[in-house]
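These come from Swiss-Prot:
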type     : residues                                               : note
BINDING  : SER42, PRO43, THR44, GLY45, THR46, GLY47, LYS48, THR49 : ATP binding site
BINDING  : CYS147, CYS165, CYS174, CYS210                         : [4Fe-4S] cluster binding site
COMPBIAS : 899-917                                                : compositional bias 'Low complexity'
DOMAIN   : 7-324                                                  : domain 'Helicase ATP-binding'
MOD_RES  : THR873                                                 : phosphothreonine
REGION   : 891-917                                                : region 'Disordered'
MOTIF    : 253-256                                                : motif 'DEAH box'
Amino acid sequence: MPESIIAGIPVHFPFEPYEVQRAFMEKVIMCLRDGTNGVLESPTGTGKTLSLLCSSLAWIRTRQSEHQINMQKLQMEQQQRQATGGSATGAISDLALTMGKANNWGVPKVIYASRTHSQLTQAMRELKRTAYASMRSVVLGSRDQLCIHPDVMKEQGNSNKVNMCKLKVHAKTCSFQLRVESKKDHPDFRGPSIMDIEDLVKVGQRLKMCPYYASKELVSSADITFMPYNYLLDPKARKANKIELSNTIVILDEAHNIEKICEESASVQIRSSDVAMAIEDVTHIMKIFTSADSQDSGGPEEPKDFTLDDLTLLKEMLLELEKAIDGVVVENQVEGTTYPAAHIYELLGKANFTYGNCATIVALLDKLVQYLMVASQHSMLRKGGSFMVLSDLLNVVFANKEDIMAKVHRSFKVHVQIEDTKQTKPAGNSNSKQTGWLGKGNNATSTVSKTAKIINFWCFNPGFGMEQLLNTQVRSVILTSGTLAPLKPLIAELAIPVAQHLENPHIVDQSQVYVKIIGTGPDREQLISNYKNRDNPKYISSLGQTILNVSRIVPDGLLVFFPSYPMLNQCVDAWQASGLWADLSSRKPIFLEPRGKDQFTSTMEEFYQAIRDSKGACFMAVCRGKVSEGLDFADRNGRAVIITGLPFPPLKDPKVILKRRYLETNRTKENQLLSGQEWYNLDATRAVNQAIGRVIRHRHDYGAILLCDARFQDASQVQQLSKWIRGHLGARPQSSPFGPIVRELRQFFKHAEQTMVQPDERVVEPPLQIVCKEEQPTLTPSYNSNTQIKREPGSGVNKFQLASELAAKAEMANSIKSWTPADYVNAAGCTNQSQTAPNAMDFMSRLNSNVTSIDFNNTDLVKIHKRERSSPTANESLTSGKKRFKLISSTDMVKTEPGTSNSCSYGNTSSSGSDSRCCSAKPAEYPLKEAPESRADFLREVRSVVDSDKFRSFGKALLAYKTGGDNCFEVLMVLLLDVLGAPKLRYLLHGMRRYLKNEHKEEFDIRLASLQAS
């Protein structure tokens, strides 16, 4: 790879770096060299991740070389001094002085942190493309993602999995964890390849070794460790994962939300119901202790790590805490009441929770959780969730040392709200009348108390989290994102010394981006999404007409971002009622961002698939949602983004009110904090900047940015937009009449299509790859290029695969191999699949059991996209003139294609795979080939060798075969012959065997043998 000297360090970059990349890498290296901190902004699409990795690892590699030279020098001096009878320790002292600060003695390590594991996976894929791929790396994940023990994985919720895992490890009953010591040096695990979460799980399954604990074995020797934010910023998580930060380089990527993350990591909440359940749980354990037949009660039989006296004392403290919470006065029953930070210490002090006994009580609570995890396997006991809530409260509240209480009082507030409780019977009802320590105490109905409360301990100073980070003696902290500006308020809030800062311009030319403020719609109605105007029918109609007119011009993908889910739903309802929705969906199939994580991945894959159609697709989402924060809509996936309004936080939200009040109270000329109103405006604009960043993703990308709110003309709003966007708006941004904008927009895309290099068709797995629920009717395509589909992921799929592998696949299927000139215009393929031959039903398990569809011309069905996407009923007649989905029963779904019959012959080639049965074969006309073993590669090859109509038929037949009986196998065989029957394609026909149901393989072999002999 080309080598560039940047800030005196040789950096190997995949190609000659652009100027913005050189500037970025220079700032990174200066931070590392000087041991200082940096805040660096570089727009999305400028190769920020690649620049971060190459510059930091180049500096590390240089330091490693220097360290090796110094150690050799030390050894030589030791030998010389010993030869002359001198002391060897003097050489060590001299060398330590020459190397400067004590924390410079060793070679620093890099911690690369980002918000999500899918972002970390993308970063690791970037690392694989560099000259530094051989450097040692590891990624840290949660048990939820890495655990392969079946008993742990069947637990619901991450906290239950954590405690079940701890229990099995403590009891030495997890065979996977016990193998870590013997398998941790296995070549498959210690090999040179970079392993992400998915790779760790696969290696762990192959070696029958715990990936979670095995990954920790790599941390001490890793040059770079990838982890999510919470592992880094949460002191408890750092301790649990044994993360050593001294002399470490900390890179916080996607740091535009770092203030909120720091505040949330220092905040905590407890409810009256949590305390009441903790009392019940302690009571249950005490009953087990005192029961005469406790050995037969189904409870755990091993010796306890606590005594009845411990339980008695804890219950007394909990009862006092419950009493103290009940005594808190809430003057405003709707919005709640705010108290100073000292109130939380007074509240806990009444129950004797103090700095002195906090650690002891937390240790006891952890033991009780472990105890209940065992007991819950034999009875209906809860699993100690209330103890975990109390433990979190104590850990957060007492993490702030007594000597900084003045700062705590300035930065924290206690906000008390009324808790809505449900009338439920207390657990252990048969003994509810008991008194004394086995009873519920004086307040026996506390679970259903009408005055149950929520105690919030909120932090409003993100500097707390960053200060804890800096106190660990890190070498450098580098914050970077595409949307950090304005930098001064960010630096002021985080309260860290920053020596290097950067606001990079974008790498694209002016001609590649069209940015306009649209202040009025086609009907000249003002477009302004403020609180007063949001219910205005004229505004909603005008906004819809604006989107409709833009959708007629924008090719391929169109993104529309709303300020909130309620606003999105309100517009959809209005457009549905007026008929505008039908007009919109006739131009482009419309996808709505789902709130649920399970539906999100499948929706994204369906959108990417719909982009392949000539009409493209429209995705409507919300600012601050999953789509706006982390996904890539490069090239055809996103040619324009419409921002329908400014996503201000809820004005009357107690947390927003208190944050604004905190800033106003603590703002001085010296600290340069924002005013409350400035923060409020900036919070909205940063969300807009993130949404805008979804579109222009690389050097040769192009697109339009349309700001459909008249308030974007305000100078205060414009100044908070990213620097590269401001450059397109000019010195005095003004909204333009709608007519000229339409003409300019049409001309922009016409010119771009003529002058810009157009990307090749993306390689995307067909819709039949989507994971679907088996037990619910779902939405599946009838394989018409004009249809749009929605499906939900299946509950039977491994959760890691659902949450991590599929999320990464949705993003990576859309990503571009950025910054490699030869590949710039080619879309990236899907991630490499395992080379192991897939299980037969693994292929078919991704096909849906029922086929239903959406008619986008029928506005009554819009709620399918809007909420849970329940399947519609099939009572509409179908017309050929409109784009719609058909409701098709699984038995009628696949019909023999014209020109085929059940009497057709079948083609085959022999295979050497162990799964195949050998057949006598005639000499082939074409050289024998082997079908790809990977399911994804197999489908891509089929798609590449047959026309689109046959591939759709192929998909329909596979779907029907998955859900149907033996008759569907007959239909599938006819279809396979039609699609893959040509002599040169018979290797693919033979490769289909591994994906058939076991009961059909023998018949398949007989027919292939018969064909080959004919």
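For all residues, glycine too, the Cβ spot is worked out from N, Cα and C.
Feature map: annotations from Swiss-Prot on the structure.
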{"residue": "SER42", "record": "ATP binding site", "contacts (Cβ under 8 Å, 6+ apart)": "VAL20, PHE24, LYS48, SER51, THR480, GLY482, LEU502, ASN504"}
{"residue": "PRO43", "record": "ATP binding site", "contacts (Cβ under 8 Å, 6+ apart)": "GLY482, ASN504, PRO505, HIS506, ILE507, GLY693, ILE696, SER722, TRP724"}
{"residue": "THR44", "record": "ATP binding site", "contacts (Cβ under 8 Å, 6+ apart)": "GLY482, GLY693, ARG694, ILE696, ARG697"}
{"residue": "THR46", "record": "ATP binding site", "contacts (Cβ under 8 Å, 6+ apart)": "TYR18, VAL20, GLN21, PHE24, GLY482, ASN504, HIS506, ILE507"}
{"residue": "THR49", "record": "ATP binding site", "contacts (Cβ under 8 Å, 6+ apart)": "GLN122, ALA123, GLU126, ASP253"}
{"residue": "CYS147", "record": "[4Fe-4S] cluster binding site", "contacts (Cβ under 8 Å, 6+ apart)": "MET153, LYS161, CYS165, CYS210, PRO211, TYR212"}
{"residue": "CYS174", "record": "[4Fe-4S] cluster binding site", "contacts (Cβ under 8 Å, 6+ apart)": "HIS149, CYS165, LYS168, CYS210"}
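In this structure, THR49 (ATP binding site) is part of a helix by DSSP. Excluding the listed site residues CYS147, CYS165, CYS174, CYS210, the same chain places ARG143, ILE148, HIS149, VAL152, LYS168, VAL169, PHE176, GLN177, TYR212, TYR213 with Cβ atoms within 8 Å of the centre of the [4Fe-4S] cluster site Cβ atoms. Shown in sequence order, SER51, GLY482, ASN504, ILE507 are the same-chain residues outside SER42, PRO43, THR44, GLY45, THR46, GLY47, LYS48, THR49 whose Cβ sits within 8 Å of the Cβ centre of the ATP site. CYS165 ([4Fe-4S] cluster binding site) is surrounded by 26 other CB atoms, counting those within 10 A of its CB over all protein chains shown.
Classification of CYS165 ([4Fe-4S] cluster binding site) by DSSP places it within a helix.
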